Amino acid sequence: MTLPWKLLLLLSIIDRLTDCMDSGSYHGPRWRMEPGDLFIPVDSIEEEATLTCDAKGSPPPQYRWSLNGTLINLGLDRRRRLSGGNLIISNLDRYQDVGMYQCMAYNTVGAILSRRASLQFAYLDHFKVHTRSAVSVREGQGVVLLCGTPTSSGDLTYAWVFNEYPYFVQQDSRRFVSQQTGNLYIAKVEPSDVGNYTCVVMNSITKGKVHSSPTSLILRTDGVMGEYEPKIEVNFPDNVPAAKGSTVTLECFALGNPVPEITWRRANGVPFPSKVKMKYSNAVLEIPSFQQDDTGGYECVAENKMGKNTAAGRIAFYGTPQWIQTMKDTALAIEERLYWECRANGKPKPSYIWLKNGQQLLSEDGVLSVSVLTLSDAGMYQCVAENKHGIIYFAAELMVLGRMRFFFLVTDPTRIIQGPVDMEIIVGESIVLPCQVSSDPVLDVSFSWAFNGHLITNGDGHFELRTAGDLMIRNIQLYHAGKYICVVDTDVESLSAVAVLIVKGPPSPPDSVTVEEVTDSTAQLAWSPGRDNGSPISNYLIQTRTLFTVGWQRVNAVPEVIDGSTLTATVVDLNAWVEYEFRVLAKNSVGVGEPSPVSVKTRTEDAVPDAAPGDVGGGGGSRSELVITWEPVPEELQNGESFGYIIAFRAFGEVSWTHVATSAPGASRYVYRNESIAPFSPFHVKVGTYNSKGQGPFSPVVTIYSAETGEDPSGMPAGVWARSVSASEIEVNWQALPITPERVLGYEVVYWEDDTKPETMGKVRVHWNHTSVTVHSLAGNTQYFLTVSAFNTAGTGPFLPAINVTTKKPPPAQPPLNVEWTLIGSQLSLYWEPVVAMESESEVTGYQLSYWRQRHKEVNTFTTANSTAELSLAENDDDYIIRIQTLSEGGLGPASDPIQIHKLSKFGFHRVEVGEEVLSALML
């Protein structure tokens with residue numbers, strides 16, 4: 001039993017330490033807020049800039065600031081002043097104020113430095129005003145139009161206008177706008193490309209926008225460019241650094257005739273994960289949330305029938321320093337030894353320095369050691385970890401105390417009151433193994449854990465040794481199964497407790513996947529089983545991948561369900577003449593295990609094509625031309641070598657077809673030229689396929705027209721006006737054009753939000769006999785600009801200046817809630833909470849009820865101005881379903897949850913339901 005004098009001695013010791021370290025004593029500075037980077041638009045330099053700096057401490061800290069490592073003398077600087085610890089800069093100067101700032105907080109205990117913060121200015125100068133030379137090229141040749149970006153600071157985006165605003169160049173497999181260079185690349189020039197091109201540069205910080213002088217693109221008259229292999233004009237650097245979690249964008253585009261096809265691959269052959277996106281006909285590869293697994297070599301392949309070229313580079317992972325081990329505030333006696341260690345991860349590996357009160361110390365790596373402390377060693381210390389991508393600071397206070405005399409005491413015995421017990425656990429879960437003791441208060445108690453005879457340290461990412469003695473194991477793996485021992489040590493004794501941990505997990509990967517027999521649509525597989533890891537294998541799954549799939553795909557097999565005792569199956573529904581890889585996964589009650597090693601690549605046998613080209617059409621072109629277009633058959637559906645297309649056409653009234661073959665598997669267009677073709681003559685057209693095994697199917701016959709005379713409409717629709725119909729719809733009206741020399745096929749409405757958002761541009765086309773159209777799927781409470789012009793196959797005519805109209809506010813996002821109803825006989829009464837619109841939403845003008853019998857499709861609607869409704873339901877045994885929506889000028893709002901109304905039974909019972917309460921009564 002603890003003696004009273006011993007308690008008094010212990011309490012006196014604790015009181016003396018507490019007096020030294022309580023909230024009323026002196027403490028060094030601690031950051032509450034550090035400065036952050038600032039990027040200021042130049043056009044706002046009349047305003048002030050504030051760099052924040054705030055620390056707590058006792059006595060309250062004071063502050064100093066430095067710029068680019070030089071102390072700022074605030075007494076002599078009229079433009080800079082302190083407000084608390086914040087540095088306020090007025091009359092900003094683009095040249096004097098740019099740089100790296102750092103704050104120091106200090107008091108009588110010590111000083112600490114803040115993180116470094118940069119102050120930069122964003123700007124976008126105008127293009128130099130001069131006439132740009134025309135660019136002359138042959139039809140079929142590739143061309144690059146240079147933007148010539150003016151001087152700037154801040155992120156830029158680029159777009160190109162064709163002829164006149166708002167007709168932006170639409171990017172496709174033939175045209176590409178690089179967001180790295182700003183240039184416009186046209187892989188293969190066509191007559192429709194002739195015109196004026198203007199580069200538009202936008203600064204994402206200042207929101208400023210500048211236009212270049214136009215560049216004219218004209219066609220040479222000395223012939224057409226022949227076919228040639230791809231020439232890659234846009235590629236990515238040899239080494240691309242990327243931070244964890246960032247989005248990495250690689251660009252690749254080539255000139256060539258025919259237009260090259262762009263594909264991407266990893267140098268190690270590993271397929272792209274599903275998160276990877278291809279944009280602009282594969283000219284842009286985007287990797288969101290970049291991780292260590294995404295590093296390595298990347299290759300872009302540009303290919304046409306004349307050849308191919310490759311661009312390659314590497315993406316290197318880098319990481320800013322992040323703390324994994326830091327020090328704590330420490331109180332030590334004079335002449336004791338100090339040992340502090342800090343560690344950070346990062347790539348490249350960080351280097352370390354130590355600061356005392358803001359001044360650098362001599363130290364090795366991340367270790368600070370003082371063998372004999374003196375009172376002068378007290379103060380604020382900072383460990384600093386830095387690599388070329390970032391720098392971090394961590395602060396701790398060292399207190400140096402005078403020595404006390406301690407006494408040897410008689411202690412009570414130590415006991416383990418809660419120890420670990422044997423357990424079964426699933427892979428991936430986390431547990432805490434307890435080790436709680438009762439001990440004499442004056443004894444120092446230490447805990448240690450051993451796993452299968454080896455001492456556990458905090459260095460293993462799965463284990464955490466807690467100060468109370470417990471052991472936490474995070475994300476348990478199969479190899480964590482075994483014997484765990486908790487050892488408790490004091491100055492006078494040692495105790496231990498043992499537990500056995502059993503870990504169950506998904507099956508180990510199957511092995512030796514082989515392809516035993518192949519046809520043009522099937523493959524027979526066999527494999528050997530892996531370990532079941534404590535739970536029997538219930539079934540197997542088969543996955544495959546090809547050059548044409550993104551990642552691994554589940555496939556159909558015979559048998560359809562492959563049980564755990566079956567080690568062979570036939571994969572079905574494969575494409576002919578495609579190289580496949582296979583892998584097998586096993587499943588048990590815990591989950592699906594890791595996949596088997598990948599099988600050897602196996603190509604299915606070839607077969608006659610069974611797919612016809614899609615989207616066959618055409619029209620347009622030059623005089624005496626018949627232009628035929630189609631959607632190419634994907635390579636994975638071509639079924640064999642020597643794949644090509646058979647184009648068949650005949651004029652109206654003719655019986656026989658004219659056939660032309662092209663051996664380019666990527667072809668999507670054919671032009672038939674003949675002086676005897678009359679303008680705008682109808683033709684029947686179909687496109688078929690063939691390969692080395694034979695001829696495949698033809699597409700359905702479609703009707704197209706030969707080229708017109710080449711004149712687009714000259715008239716402009718007048719009387720253009722528009723009105724907002726709802727939050728997502730605008731109705732546009734105009735007057736029909738009078739009779740014009742040129743044929744008018746219809747009218748085109750072009751709409752967009754504002755000049756800085758070319759991606760919001762859209763267009764709607766209607767037939768020539770329409771003089772109005774409703775534009776759908778617009779943003780609510782947004783101003784749109786609109787133009788109306790006439791069009792034919794030769795092009796689009798002129799238009800009057802744009803008009804603007806603003807969509808209505810959207811309907812309330814909140815559906816009607818807390819619906820209550822009462823049914824007496826066939827009379828239904830409903831009540832609900834009124835919906836109150838937000839300021840950014842349209843006011844509620846009423847409610848619409850939609851109701852229908854449960855076994856019928858006919859929907860009835862009913863409107864009411866209030867939050868109540870009375871309905872008479874038909875006399876039948878069907879239940880009714882009801883939904884309620886708000887009405888507003890912005891349109892219908894979201895519907896309430898469906899309400900099911902139970903009708904009267906034919907035996908004379910009626911039932912009243914209010915919410916979830918049910919009242920039943922017998923009708924007399």
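Quick reminder: no glycine exception, Cβ is built from N, Cα and C everywhere.
Annotated features in TrEMBL:
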DOMAIN    29-120  domain 'Ig-like'
DOMAIN    125-216  domain 'Ig-like'
DOMAIN    230-316  domain 'Ig-like'
DOMAIN    321-399  domain 'Ig-like'
DOMAIN    413-496  domain 'Ig-like'
DOMAIN    509-607  domain 'Fibronectin type-III'
DOMAIN    612-709  domain 'Fibronectin type-III'
DOMAIN    716-810  domain 'Fibronectin type-III'
DOMAIN    815-906  domain 'Fibronectin type-III'
REGION    595-623  region 'Disordered'
SIGNAL    1-20  signal peptide
Practice problem: Determine how many residues of the domain 'Ig-like' (29-120) DSSP places in helix, in strand and in coil. | Solution: 3 helix, 48 strand, 41 coil
Exercise. Please work out the helix, strand and coil residue numbers for the domain 'Ig-like' (230-316) from the DSSP assignment.
Key: 3 helix, 51 strand, 33 coil
Practice problem: Just give the helix, strand and coil counts over the region 'Disordered' (595-623), going by DSSP. | Solution: 0 helix, 7 strand, 22 coil
Exercise. Calculate the per-residue pLDDT averaged over the domain 'Ig-like' (230-316) and state the result as an integer.
Key: 91
Quiz item: What are the DSSP helix/strand/coil residue counts across the domain 'Fibronectin type-III' (716-810)?
Solution: 3 helix, 41 strand, 51 coil
Quiz item: Helix, strand, coil residue numbers for the domain 'Fibronectin type-III' (815-906) per DSSP?
Solution: 0 helix, 42 strand, 50 coil
